[in-house]
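Colleague: My structure is below; once you've seen it, I'll send some questions.
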Amino acid sequence: MRCIGISNRDFVEGVSGGSWVDIVLEHGSCVTTMAKNKPTLDFELIKTEAKQPATLRKYCIEAKLTNTTTDSRCPTQGEPTLNEEQDKRFVCKHSMVDRGWGNGCGLFGKGGIVTCAMFTCKKNMEGKIVQPENLEYTVVITPHSGEEHAVGNDTGKHGKEVKITPQSSITEAELTGYGTVTMECSPRTGLDFNEMVLLQMEDKAWLVHRQWFLDLPLPWLPGADTQGSNWIQKETLVTFKNPHAKKQDVVVLGSQEGAMHTALTGATEIQMSSGNLLFTGHLKCRLRMDKLQLKGMSYSMCTGKFKIVKEIAETQHGTIVIRVQYEGDGSPCKIPFEIMDLEKRHVLGRLITVNPIVTEKDSPVNIEAEPPFGDSYIIIGVEPGQLKLDWFKKGSSIGQMFETTMRGAKRMAILGDTAWDFGSLGGVFTSIGKALHQVFGAIYGAAFSGVSWTMKILIGVIITWIGMNSRSTSLSVSLVLVGIVTLYLGVMVQADSGCVVSWKNKELKCGSGIFVTDNVHTWTEQYKFQPESPSKLASAIQKAHEEGICGIRSVTRLENLMWKQITSELNHILSENEVKLTIMTGDIKGIMQVGKRSLRPQPTELRYSWKTWGKAKMLSTELHNQTFLIDGPETAECPNTNRAWNSLEVEDYGFGVFTTNIWLRLREKQDVFCDSKLMSAAIKDNRAVHADMGYWIESALNDTWKIEKASFIEVKSCHWPKSHTLWSNGVLESEMVIPKNFAGPVSQHNNRPGYYTQTAGPWHLGKLEMDFDFCEGTTVVVTEDCGNRGPSLRTTTASGKLITEWCCRSCTLPPLRYRGEDGCWYGMEIRPLKEKEENLVSSLVTAGHGQIDNFSLGILGMALFLEEMLRTRVGTKHAILLVAVSFVTLITGNMSFRDLGRVMVMVGATMTDDIGMGVTYLALLAAFRVRPTFAAGLLLRKLTSKELMMTTIGIVLLSQSSIPETILELTDALALGMMVLKMVRNMEKYQLAVTIMAILCVPNAVILQNAWKVSCTILAVVSVSPLLLTSSQQKADWIPLALTIKGLNPTAIFLTTLSRTSKKRAGVLWDVPSPPPVGKAELEDGAYRIKQKGILGYSQIGAGVYKEGTFHTMWHVTRGAVLMHKGKRIEPSWADVKKDLISYGGGWKLEGEWKEGEEVQVLALEPGKNPRAVQTKPGLFRTNTGTIGAVSLDFSPGTSGSPIVDKKGKVVGLYGNGVVTRSGAYVSAIAQTEKSIEDNPEIEDDIFRKRRLTIMDLHPGAGKTKRYLPAIVREAIKRGLRTLILAPTRVVAAEMEEALRGLPIRYQTPAIRAEHTGREIVDLMCHATFTMRLLSPIRVPNYNLIIMDEAHFTDPASIAARGYISTRVEMGEAAGIFMTATPPGSRDPFPQSNAPIMDEEREIPERSWNSGHEWVTDFKGKTVWFVPSIKTGNDIAACLRKNGKRVIQLSRKTFDSEYVKTRTNDWDFVVTTDISEMGANFKAERVIDPRRCMKPVILTDGEERVILAGPMPVTHSSAAQRRGRIGRNPRNENDQYIYMGEPLENDEDCAHWKEAKMLLDNINTPEGIIPSIFEPEREKVDAIDGEYRLRGEARKTFVDLMRRGDLPVWLAYKVAAEGINYADRRWCFDGTRNNQILEENVEVEIWTKEGERKKLKPRWLDARIYSDPLALKEFKEFAAGRK
């Protein structure tokens, strides 16, 4: 039981039935392994030492000088000399001084002087080299025996000490009584000793980089030197002062020890003991457990009594240790031990000490176990003397999970690549225990500050990913975990970014931790280079041009693309700064050539204004005669030697909407190496890969490593960096198949026996595949008499003839071949057998030899594959929104451009897909380690929004500024994350501000500093003001406000929904719980208290009302949490944060409404008191949506949600959402909303079948648009049916949009502004739009389902649309649904309604009146008055206004613009023509309907013309629709319908029917059939099909006249049929005398386009064009040619 006392401890569970498990041991930590039917063992690595390291070099850090001697000479007397100059121990210096008569010389001039001093070293330091084979590891193994002294002890009786060295890596340890355990260890120091030196100074040692050590500017001796006196570079510690005539002072610098200590800051310090160095190595061991056995498996259970010897002790690992003593008989025996929940129904927790046994009576035994969170009983022994101990464990499984994940991730980051052994990669996948131990291993104590941004992303990704994908097998989860974290370690080439190899797609992907994979080979589409700052780049180019650099050579294809994209922008910047220079970018062909110069970053940037930015996007600049050439062919004016090359390096990765952006910056210093940030190298099993954005070089192990194949998208000329090269020691450059100067890695993997470096391969092709196989149709033989190596040759000649026979001297088969776009080429060793080489196409390339370099870093950037990580795509809508939000944050200066990319990643990429189901698993994950789980079969249920929080925690981790220490610190950040999530999905105006605020506050989410607090608070207050604001936070705190400022604790509510029950069932990965099913709670109607479990037990947080199966309360009380009642749950189903209301288990059912002036009672359920009823008369709150009642009563916090009832006992609202007045009193609003109709009506399956035409005749107000339509559309989308929805007017279309919001629909009407992705399968438009589309030549999609709302509309376009739809349905091409309360043929003018309507017949005035008709104006409520024509309407409206009424007038022409005004409350009358029959919703209490209308009728006696006949009675269906404008609100019980006269079905003579036929005859169906009118309407018209068909131009004119000219159908038809074209308006003036149009009894004259003044008398007369002033005005404009 050694591990119990060690804080850093991991538990590894072996896979059941497995005979081995992998563990990683490290210093200061302890590993406990558990496997089925095996003893629990503790392993600890107690030391790693290096024996006798060899010395590499000694440095002197403190010296002294003795025996100083000087000699000097006068001018012309030669050089002075001293004997000491020959002695290696002396340091000497010659110099010249001025001499003359004053100091003993005859001549004036320079004379020589020499000074020597003896150099002895007082203090030195040594650099030593450690050989990995000299390391020795000591491990202690102890079984959990439970004996008295076992805890934290390792005496010989209990423990075995095992020494492990690289020479003997397999060791066996005999554990007395438990069998033997075999350990196969591969020691890893985690250090590359080839590159590291141990610097030893007195009794301290540091690990330093070898090159740094060798470059130290100090005197040194080689390690082999034994005398220790002949120091090299002595002068580095000695200073000679300026010489005087005969003397020169020499001084020694002080001790360099302090300087060395400063320089070594940050280097790893190494402990020493007795000349041996102690390391912090890791040991990766595989334990073979097959020879282990549990002690005492055959013993029987103990039946006697136990007593507790010592209090239960809690360890720091969440486990407990119990010490018991057996007082019964029958030892040795097994101890019965279990942990139960409080009801003693379920066994929870787990035993760490497997099979605890008593060996002898009265000797104490230690048992270690892991109880669940919360309360539990620990039961030891059997009845009668059973011990029952109550235990409470702090914390929560979710908190635990985050802690563990974070620790796992931290630890992965530290363990580095030592954790993975690529030789036996299979091991990782087969022993899942190991992967878990690695990633989720418990605490890693090392100080681990400053976790990089990427790391946070990764932790977030791990969590989020598991949340999204746990449906897959446990295997893939562990794989991905391993993958991500390793990815972070091995591939993070530089700090925050890295690349990963995808084996499947043979490609490398780069980014900062969130990898977006897409199975596209082409980098060009996924990645985009961008300069860090165009203006900096332009300034560097300007400077380079001044220095004589004439151009640039790109290193890679992507760089060339980047130059092409930004050329215009750079030119604009140059011209804004008046630099007379034009940049021109050319293409690249073949090899990417090398330039010899480089661009250097300049301290100043050029000016770059918004205007220029805008211009650069649109216009091109003028050309100057000085040019700067980028790529393109080499020219004499600009040779490669004078071009800059390799001057850019990757600075960061960011995510665009569709591509990964790679930001480039200028390099400080130039070299020949490729940029390593876009590279990776990896080994897996027997394959090795070197890859970057254009290369994929694959080698395989087949006895020896050989290069197998390589793909090149480009051939570049930089050198492959060593840091990304596998196995680079001992490489002969002449044997590297891919030449070093074409970026061939200097690696043993880059060779193939029998082939030498391919300096003259066909690299000029640029894009080629290299592998080992025969070119098609050729043979290769190995023979001595073959030609020598030469440039590669193509197997086809220039004329296309195939050369079939080839040979080589000593190559290996299959031969090396290249496949390019022009055919197949062989390697340089392979020559033609018979053909002369001159006749063949040979390679144009010769690659020179660089320097041979046989030594390299052994750093291996490892990569595990990480496929489909996050499969989301940002939709354009969200992208635009994000840009807006981010832009504001940028302007306010709270964010830099680099952060911007990160915010994009955080909010955009991870959230745009509805996160949906997968998240549940996250919550389950928490339950994996410890049993309590969600109280429902979550996997089968749909989620509630609160549970989404789990993912949010994962996502918020991304934005954290430091990894939070405790889970509670996460909560503010969590709330913000939650808001951002919500905002991006559905935005309202007030939310935008809150979101911006949230993003602004994120960087300091953990500790909001005061300044932040203030700015966030102000912002919050401004953005929250739309409804009610409270300053007493307890009663109603606006969630964003409260969470931002106070950091309330939303997780707390959530945690109460975790219950503690679960069945035990072992799973592969963690123990996956199977939760017992939980039913839906059933409550009786009444008021309830809502309690929350806190640290001190339950406390009341509010109240609520249960009615008709729905529970109602305030949103701020529960914030959407799931409620529990007697172990069953109720889930939220509707909420409105603005009104602060939420309902559970159904829509809002409280229907009482407070009437102004009535008294009410508040039934106050205060915490800790009995309910009491307080009667009061409410005041008024005025808000921008109207007035609401205000109750001035102040109860204690926790009363929110108490019901307010009226005299009839109906609940009129809830208490608790209000404001504090100036005097400090609290005033609550009566919070109430409309009763909701259950919104998922049953929908028959067969309405979606083709050939099926359904008529839904629901009464007005039954919810066709609000309830049935969304349900039908959702089902249609689910079935993938191409659907069309038709609305009669734009207004109804806009109402539909409200009901259908959130569904993917393309709105084809200007009334609705919405974003479209192009993937929607549902279209929505107006009846007339659809008919016009059918008439025009555009192809109308083949809709599978067409839904027509208000299908009683008798406009010609609507009738025609019905005809077309019914024809499509009859042909079996589609299904149709006609929604109307009054389908054609219905005869009931008084249909059913939601609320009772008082119908009353009385005399209704038909024109203005002076007296009488008081009932019209005395009515208190709002009235809708139907009038037969616009003229009558104007008359009546004027009369009503005279009587002081506020009137809104509606007609077909004004409907779209005026209808909006009826939404406000400031009107008394709406005066409307029959257009309002089409689904217009007025919140009115009365309809006045004279049941009269004007009808257009075609007169055929004499000259054919259209008159407006009437007023005449309306049809039954019109009457029913008019009456249906009221009676819609179930709460209004006294709506009135005032009518006059009876309706009449006599509309056959109406012009609309014939006009509809004119339209139908001109509609094309794909099958060429002319559609006929819908059957029930057919007898209204007697025309023959096709009678009105127009040909070619005439039809186009017909459509134009209706669409652009706004003419009635009949008139348009007459004009078009005559063959007149659209622009010709002469027909408006050449009619007969009778057709003269009058306005107020005056003949109308107008000015034509030609400037003549003519009388308006059209050739065909249609009364509709002059029946009212507006229509006439429009026709005059038409006739004048202005349309």
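Quick reminder: no glycine exception, Cβ is built from N, Cα and C everywhere.
What Swiss-Prot shows for this protein is this:
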type	residues	note
ACT_SITE	HIS1116	active site, charge relay system
ACT_SITE	ASP1140	active site, charge relay system
ACT_SITE	SER1200	active site, charge relay system
BINDING	LEU1258, HIS1259, PRO1260, GLY1261, ALA1262, GLY1263, LYS1264, THR1265	ATP binding site
DISULFID	CYS3-CYS30	disulfide bond
DISULFID	CYS60-CYS121	disulfide bond
DISULFID	CYS74-CYS105	disulfide bond
DISULFID	CYS92-CYS116	disulfide bond
DISULFID	CYS185-CYS285	disulfide bond
DISULFID	CYS302-CYS333	disulfide bond
DISULFID	CYS499-CYS510	disulfide bond
DISULFID	CYS550-CYS638	disulfide bond
DISULFID	CYS674-CYS718	disulfide bond
DISULFID	CYS775-CYS824	disulfide bond
DISULFID	CYS786-CYS808	disulfide bond
DISULFID	CYS807-CYS811	disulfide bond
DOMAIN	1411-1582	domain 'Helicase C-terminal'
CARBOHYD	ASN67	N-linked glycosylation site
CARBOHYD	ASN153	N-linked glycosylation site
CARBOHYD	ASN702	N-linked glycosylation site
REGION	98-111	region 'Fusion peptide'
TOPO_DOM	1-445	topological domain 'Extracellular'
TOPO_DOM	467-472	topological domain 'Cytoplasmic'
TOPO_DOM	494-915	topological domain 'Extracellular'
TOPO_DOM	941-946	topological domain 'Cytoplasmic'
TOPO_DOM	966-989	topological domain 'Lumenal'
TOPO_DOM	1031-1037	topological domain 'Lumenal'
TOPO_DOM	1059-1683	topological domain 'Cytoplasmic'
Colleague: Taking the centroid of the Cβ atoms of LEU1258, HIS1259, PRO1260, GLY1261, ALA1262, GLY1263, LYS1264, THR1265 (ATP site), which other same-chain residues have Cβ within 8 Å of it?
Modeller: ALA1381
Colleague: With DSSP, how much of the region 'Fusion peptide' (98-111) is helix, how much strand and how much coil, in residues?
Modeller: 3 helix, 5 strand, 6 coil
Colleague: Cβ atoms within 10 Å, counted per site: which of CYS302, CYS333, CYS638 has the most, among these disulfide-bonded residues?
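Modeller: Checking each of CYS302, CYS333, CYS638, the winner is CYS302.
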Colleague: How many neighbouring Cβ atoms, not counting its own, are there within 10 Å of the Cβ of CYS92 (disulfide bond)?
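Modeller: Summing over all protein chains shown, CYS92 (disulfide bond) has 20 other Cβ atoms within 10 Å.
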Colleague: At a 10 Å cut-off from the C-beta of CYS811 (disulfide bond), count the other C-beta atoms across all protein chains.
Modeller: 24
Colleague: Using a 10 angstroms cut-off on Cβ to Cβ distances, just flag whichever of HIS1259, LYS1264 is the loneliest among these binding-site residues.
Modeller: HIS1259
Colleague: Based on Cα distances to HIS1259 (ATP binding site), point out the closest of the recorded positions CYS30, CYS185, CYS786, CYS811, SER1200.
Modeller: SER1200
Colleague: Between CYS92 (disulfide bond) and PRO1260 (ATP binding site), find the distance joining the two CA atoms and give it rounded to the nearest Å.
Modeller: 112
Colleague: Using only C-alpha positions, which one of CYS30, CYS302, GLY1261, ALA1262 is spatially nearest CYS718 (disulfide bond)? These are the recorded positions in the record.
Modeller: CYS30
Colleague: Which of these recorded positions is closest to LEU1258 (ATP binding site) if you go by CA atoms: CYS116, CYS285, CYS824, SER1200?
Modeller: SER1200
Colleague: Check the DSSP secondary structure of CYS3 (disulfide bond), expressed as helix, strand or coil.
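Modeller: In the DSSP reduction, CYS3 (disulfide bond) maps to helix.
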Colleague: In whole Å, note down how far the CA of GLY1261 (ATP binding site) lies from the CA of CYS808 (disulfide bond).
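Modeller: A Cα-Cα distance of 90 Å.
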Colleague: Return the member of CYS121, CYS786, SER1200 nearest to THR1265 (ATP binding site) in space, with distance defined Cα to Cα and candidates limited to these recorded positions.
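Modeller: Nearest candidate: SER1200.
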Colleague: Quick one: among the recorded positions CYS786, CYS808, CYS824, LEU1258, which has the most Cβ atoms sitting within 10 Å of its own Cβ?
Modeller: CYS808
Colleague: For the recorded positions listed here (CYS121, HIS1116), which one has the lowest count of neighbouring CB atoms within 10 Å of its own CB?
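Modeller: With the recorded positions CYS121, HIS1116, fewest surrounding Cβ atoms within 10 Å: CYS121.
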Colleague: Closest to CYS116 (disulfide bond): which of the disulfide-bonded residues CYS74, CYS550, CYS775, CYS807, going by Cα position?
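Modeller: Nearest listed residue in space: CYS74.
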Colleague: When a 10 Å sphere is centred on the Cβ of CYS3 (disulfide bond), how many other Cβ atoms does it contain?
Modeller: 28
Colleague: Could you round the CA separation between PRO1260 (ATP binding site) and HIS1116 (active site, charge relay system) to a whole angstrom and send it over?
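Modeller: So the Cα of HIS1116 (active site, charge relay system) lies 36 Å away from that of PRO1260 (ATP binding site).
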Colleague: Nearest to CYS285 (disulfide bond) by Cα, among ASN702, CYS786, HIS1116, ALA1262 (recorded positions)?
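Modeller: Considering only the listed recorded positions, the nearest one is ASN702.
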Colleague: Find the shortest Cα-Cα separation between CYS807 (disulfide bond) and the recorded positions HIS1116, SER1200, GLY1261, LYS1264, and name the residue that gives it.
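Modeller: Result: the closest of the recorded positions to CYS807 (disulfide bond) is LYS1264.
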Colleague: Which ones in the same chain are close to ASN67 (N-linked glycosylation site), with CB under 8 Å and 6+ residues apart in sequence?
Modeller: GLU84, PHE90, CYS116, ALA117, MET118
Colleague: Can you count the other CB atoms that lie within 10 A of the CB of ALA1262 (ATP binding site)?
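Modeller: Summing over all protein chains shown, ALA1262 (ATP binding site) has 21 other Cβ atoms within 10 Å.
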Colleague: I'm trying to understand the geometry here, so how far is the Cα atom of ASP1140 (active site, charge relay system) from the Cα atom of CYS638 (disulfide bond), in Å to the nearest whole number?
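Modeller: Taking the Cα atoms only, ASP1140 (active site, charge relay system) lies 72 Å from CYS638 (disulfide bond).
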Colleague: Summarise the model confidence on the topological domain 'Cytoplasmic' (467-472) as a single mean pLDDT, whole number.
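Modeller: Within the topological domain 'Cytoplasmic' (467-472), the model's average pLDDT equals 35.
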